[in-house]
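Undergrad: Let me begin by handing over the structure; questions about it come next.
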Ligand SMILES: [Zn+2]
C-alpha cells in the first residue's frame, strides 16, 4: 500500500468525522444527559432558635448603662449576616403571607416593618405566595410562656432565613424565611420587634451596636442604620 493511499484514507476519516459532528445534534443532547445525573439537595438550615429577649423589668439591666459609650462611637462595619446566607446570591423580591391565626395587632407591626425594608429599595416585599424557586416569607405567631427560671427576660420573637438550593441543571437559590412573634406577651407586638425578626428573615444576624435594629435586646429601634443597610446590600447587591 502506498503512502498516497494512507493520505487519502486519512483525509476521508477527517472528512467523515467532521461531517458527523456537523450533522448530529450532539449539543442539544447535553442538557438532558446532565439532567439525569444532577441531584437536588436542599440545604435547610433551621431558622434561628435562639431567643430574642427583652428585659421585662423597669431596671433594664447593666447592659444599657455599660455600653453607652460604645454606642456613641460610629460603627462603619456592616451588620453581620446569618451564616446560611453568606456567599449566597439571592433575588431581591420576596413574596410574603400571614398565617391564618396572626391577629390584627401583629399584622399591623409586620406591615410597618415591611414598609421600612421596602423603603430601602434594596429588597422588594410583595404580598402573595411565590413559587419554590422564589423567595418567600411566612409571618406567624407562637406562644411561649417564660418560666420562673427565666424571670427578668421575655422572648419576643424569632425569625430567620431558610436557604433552598438546587444545583446543576435548573439551578436556583431561594430563601424561604420566617418571622414570628411571641403572642403570649403584648410587648411582642411592637414595630421594633417586627423589624428585628424581619431583619433575621432577610439574612441579618445580631449586631453589637445598640443603634442597630439587630441588637439582640429590644431597644425600640425601628430605623435601619447605615450598618444595617450595608448588611442588606452585601446580600442583595453583591
Ligand atoms: Zn434576634
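Including glycine, each Cβ sits where the backbone N, Cα and C put it.
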Undergrad: From the ranges 49-79, 80-110, grab the one TrEMBL calls region 'Disordered'.
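TA: Feature region 'Disordered' in TrEMBL: residues 49-79.
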Undergrad: Determine the mean pLDDT over the domain 'Peptidase metallopeptidase' (87-238), rounding to the nearest whole number.
TA: 96
